[in-house]
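J.: Here it is, the structure in full.
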Amino acid sequence: MHLSSICSFLSAFINCFFFKVFCLESEFSLEGDYLLGGLFALHEVQHAEPFSTPEAIKCFRYTFSKSGYQMLQVMRFAVEEINNSTTLLPNVSLGYEIFDHCSDTKNFPSIFNFISKNGSIKPKEKLNNYQPKVIALTGPYGSTRTITIAPLITMDLIPLVNYGASSYTLSNKLQYPSFVRTIPSNKNLIEMIIHIIRWFGWNWVAFLGSQDDYSEDGLRIFNKYISNTGICLAYQEALGQQANYSQTLKKIDMLKINVIVVFAVPPYARKIIKAAIANDIRDKVWIASETWAMNQQLPTEPGIGKIGTVIGITERLLSLPGFDKFIYKDRRTINGYSTESNVQSKNKTCNQVCDYCPLLTAEEIINENPSFSFAIYAAIYTIAHALHKVLQCDMNECHKNMTVKPYMLLEQMKKLDFPLKGHQVKYDDNGDPTVSFAVVLWNTETNPPRFDMVGTYETYPEITFNINNSLLHWHNNGSVPFSNCSVECKEGFSREPNRYHSCCFLCKKCPRNSYVNYSWDPYTCSPCLESEWSDECSTACKTRTIVYLEFTEIHSITVMFSATCLIILLIAIFCLFAYNFNTPVVKSAGGSMCFLMLTCLIMSTISVFFFFGKPTSVHCLLRNVVFAFFFTVFLSCMAVRSFQIVCIFKMAAKFPNMHSLWVKHNGQWLFVGFFSIIHLISCVLWMTVSTPIPSRDSLTFKDQIILSCEMGNTETLSVVVLIGWFLGFLCLLFSYMGRDLPKNYNEAKSITFSLILYNVSWIVYFTAYLILKSKYVQLVNAMTQLSSIYGILFSYFIPKSYVIIFQPQKNTAAYFQTSIQNYTQTISRT
């Protein structure tokens, strides 16, 4: 049994390839100076089954494919057109040998025929001496079939110019060095599909394919290319012949996926669509790959309109002028000897037999799916142009005496760049062509159904993609179907992952001073910079306004004018006291110590100017530290001056020794020096522990940054303030003790008023500092300092200056002596 089967296989192989067999020469073969090979699927093996014994496959036993036969006719038309040309290959004729390639794995005899030399194959012969039967070949249709036979072709560097294998694997020149194709690879096709999905804003899609290299390659690329695009592959499956198509489609429907990419060869695509019709799967968007995008049978299926909208991707449809005429002419020729061919078909197994081919009318061939027509046409012209270069043809003739090796054509193909029917034919380093896709919409409401072109995708001369939305008539009354896992978040809401897929999310409101950037990271509410702000639900940050007390503000001008006037008054009083230094009024005011007091007040007033303008480290140091130190020195002078008056009038007689020691050792200066040093040390500690530095308050107002100065370390600042307030308390105490002294020496009311104003001013400031957060808090600080100095000036120095200028009769020793005598008499009576 097995021996007879083996003999049958060898007999069929020998009949086909080692003897001249006549198999419809006008259809499958043509003599010429140079022979081209062609592989076309005139029949399709629907259910492949493993053989138990070796045998040559007989394609005519399987299902006839009109599409495959039309492809064969395109090759024949292209060869005839080239042979009739007087410019491309003058005085050279092309011939061809065509085989029916119906199986993914069992059509090797035809390949052996192509690579044989005089009916035999010599594996050990040097490649540069080897001359196979064909100089190049085109086909077969399908990635799996091509990958199966390509190693046999490419090992001899025979150009395999393919029209129907889009697997990206074939772009690998290390594995397939002589592979060239005239259709874009799966990589380009997947990019186009992703463009379409993103164009309409979909992100929840299914991907269905078949169990072959074409679909597996497409699925692998699709998974790779959708990363970082926002598209989620919600469902994927490679379907076999025996798969449960109904269950698959129901799963997709249950997942609420409304966009389905069907990346499969026609037999599987037909099964998927028919199952959708049978299971009443409605209102979906079906994206068809180029293998079935213009299938002629499926649009006529009953109920096709209910499944939704079918969008197909095909190569840009280019007409082939003269093709229709060629077919009509060929049909008339074929009908003349169709009977003879039918008799022979029963006896031949060389896969150059087609029982149904003569029965087709010209209209049936012409109206068949034209998706790959231009690709076949371009493949034949690619070979012809390469041969034109190798033979060094000019407009009149070619050098036919040259020996043409297949690898010579391959070298020239890499350099080709020629126009063909308005399309530029050129190849990249991987042997892939420029991309020219068309997006077609199935219009099943017309009879016959139409394929309306609604978009294009080009990569030459530049990358362009466009879809005319007005031409799309969706199944749901015109609006773009929804196919997203989650509804898009409102503006200013970030996404919070909800499930495994990144497309499924909840929406979370972005808080103040944060924003969401949908193009960069839609899942994060990014914080604004310190110099920026935003409201809730923002998609961008706004720049904050920088605010501080500027010199040009009316408030600033007013305070600085007041400070200037104060300095002028203090200097004037300084000069007045210096001029009248030896008068009783000046001596009673403190004598030489008055000048220290006035100098301290002048320095304290100067510090006010550092509250205005953009704060710097110097500003922060001088505005508060300088005032605190010099005003405290002034208070120590006031305290010791009050003490001295009380001491002279009330304590000198009771404690003469202590009084003499105080006078002898200049107790007043020791007192002032002691407290000045103590306060200086505390100020140095204040600046050292935590130096007052510029601060930026961005919390108080959402749209502002307030520039001010930090107060520094709280503990050291408290010591500085307490020393000042302690001296102020001493002033009040001593002035109260001297409330009954002579009028010229009684400063109780003036000192009490000035110190109460001083304390109240600073209480108001610290209250404002704790409660209010505004640039005007600094203005309050400056005004507090000024009010403290103005209080001293008008309650203490101005009255004395008034006496010196306007009441000189009271500025005499006699007047003061009379006041003292009156005080003494009053005391003696009591």
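Quick reminder: no glycine exception, Cβ is built from N, Cα and C everywhere.
Features from TrEMBL:
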type	residues	note
DOMAIN	555-820	domain 'G-protein coupled receptors family 3 profile'
SIGNAL	1-23	signal peptide
TRANSMEM	559-581	transmembrane segment
TRANSMEM	593-613	transmembrane segment
TRANSMEM	625-649	transmembrane segment
TRANSMEM	669-689	transmembrane segment
TRANSMEM	717-738	transmembrane segment
TRANSMEM	750-772	transmembrane segment
TRANSMEM	778-798	transmembrane segment
J.: Do the transmembrane segment (559-581) and the transmembrane segment (778-798) share at least 3 Cβ pairs closer than 8 Å, excluding pairs fewer than 6 residues apart in sequence?
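T.: The transmembrane segment (778-798) and the transmembrane segment (559-581): touching, yes.
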J.: With CB pairs under 8 Å as the measure, which of the listed stretches 593-613, 669-689, 717-738, 750-772 comes out on top against the transmembrane segment (778-798)?
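T.: It is 750-772 that shares the most Cβ pairs under 8 Å with the transmembrane segment (778-798).
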J.: Within the same chain, where does the transmembrane segment (750-772) have neighbours whose Cβ lies under 8 angstroms from its own Cβ atoms, ignoring anything closer than 6 residues to its ends? I mean 6 or more beyond.
T.: 638, 642, 725, 728, 731-732, 735-736, 780-781, 783-784, 787-788, 791-792, 795-796, 799
J.: Please work out the mean pLDDT for the residues of the domain 'G-protein coupled receptors family 3 profile' (555-820).
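T.: Mean pLDDT for the domain 'G-protein coupled receptors family 3 profile' (555-820): 82.
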